[in-house]
Amino acid sequence: MAVCARLCGVGQSRRCRRRQRQNQQDQGSDSDMDEEGEERIVGLRQVGGGIGGPDSAKGFPHPQFLADLPPELLVEIFSLIPGTALPNVALVCKKFKQILKTETIWRRRCVEEFGMKDDLRKLEVGGVSSHDLYVKLLHPYRHILGLWQPDIGPYGGLLNVVVDGLFIIGWMYLPPHDPRVEDPMRRRPLFRIHLWESKKATVECMYGHKGPHKGDIQTVKKDEFSTKCNQTDHHRMPGGRQEEFRTWLEEEWGRTLEEIFHEHMQELILMKFIYTSQYDNCLTYRRIYLPPATPSDLLQPGLFKGTYGSHGLEIVMLSFHHKSARATKLTGDPNVPAGQLTLEINLSRPVVLPDLEQLCNIEELSRLVLGIHEEVHREAEQQANHTKEGACGSDSAEDEVDADHGACPGNCQPGPSSTSAHQHDDQPFVLPLGVTARNEVYPRTCRKCFYGTGLIAGHGFTSPERTPGLFVLFDQDRFGFIWLELKSFSLYSRLTDQLAHAHAPNMERFEDMLRNMQSWTS
């Protein structure tokens, strides 16, 4: 602020210069140019081309200080400054404070910092200024914009907080109804913040079927916040818990309990309703990021919807880490909860599928994948022994080279040479006989296949185990995984919604987030 005061020629710094000049005169120091004269010369050079320049010859006045610039030019300059710094600019002088009341400045800040595409002038006609919108709503709640995972035990979830006109809205993203994995995501508003009343930010809970009601948002710590409903009676229905369950079941699954014939599936659905309904929209959320992308990635990383048998559709996050791809659960179930690594794909172990007649035989596919599985374990044990013995120099380096090129037994034939023929050409694909799939509508051609492992566990995440399987890349928006031990197939389809304020600052922050997600539900 002292620098700004010095530039505009007001404030304490000018008085300090006056006292300094008096002291210099008393001491006879007439040789040094005073600071004010130097600033005047610099200002003349910058604005008018210097003393004796063309403008000076015409006798035009030159601004000596920043405050001497025309108001319209100051408005343009201040519009380029981040909104978080503008309050300090207003403290410099009365002129700056007055100019910062110009709506053009705050309108531009709302557009550039928060991506508001609506015509803000229409909002101003409605009685809410762009200045109030920025200062009282957008800036105070900027830290909750983006993607979040709610702490709902093993079930997790995906919350997207966005700016929508006069509102900041928290949308819960729900997968489509099982098994329609390629349908668009469903959205449900959980809370909203607005400036309708007394031009003060008001938080409202949107949960339930009786409309908006009083709520609250608290920032627990960095990258974490909590919501609280102050009128939970608005969540109740006249018909009691039975009506609430029927309504929830129709929204969550798109069917009635009578239409679900599998008894185990009925138990899982009832368990989820009892567990999730106890929160009453009083939840804690932790920030999550979209995975960063690199040119070498097998496909664009991001969020996908996948089929998980009786548990229905779940949301996973696909990310790439050097020679592996990982699918992390954002939503989960009592067996494998949200936050856990559901799939891990070894990109250095490609698999060339046999012809369709052999592929139809599950035993043939199991022989190929299990052969790679045993070799990977054998190489991991050898490398661990080398490391333990302290002799991991040249031997371990050779092992790594062998692992990268993968001398796979049988007809697997992994390696760069074996996949070159199929790098761009699709190959026929069909599920082996005996492998069950929730969605029978899957692509009949694929681009590449890789060895991978999938995480399975008992109820309550007991006895978790990584079991071998086959990762099948269909195209840039779809992939699948054959769980050999379960003899089942999961189909995954990309979530195509535009998600703002969701990208990770860097890969290190993203990997830290993945580790934290696993610790939340471990």
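Just so you know, glycine gets a Cβ as well, placed from its N, Cα and C.
These features come from TrEMBL:
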COMPBIAS  380-389  compositional bias 'Basic and acidic residues'
DOMAIN    63-109  domain 'F-box'
REGION    18-37  region 'Disordered'
REGION    380-423  region 'Disordered'
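The DSSP breakdown of the domain 'F-box' (63-109), given as helix, strand and coil counts, is 32 helix, 0 strand, 15 coil. Helix, strand and coil residue tallies for the compositional bias 'Basic and acidic residues' (380-389), in that order: 10 helix, 0 strand, 0 coil [DSSP]. On the 0 to 100 pLDDT scale, the domain 'F-box' (63-109) averages 83 in this prediction.
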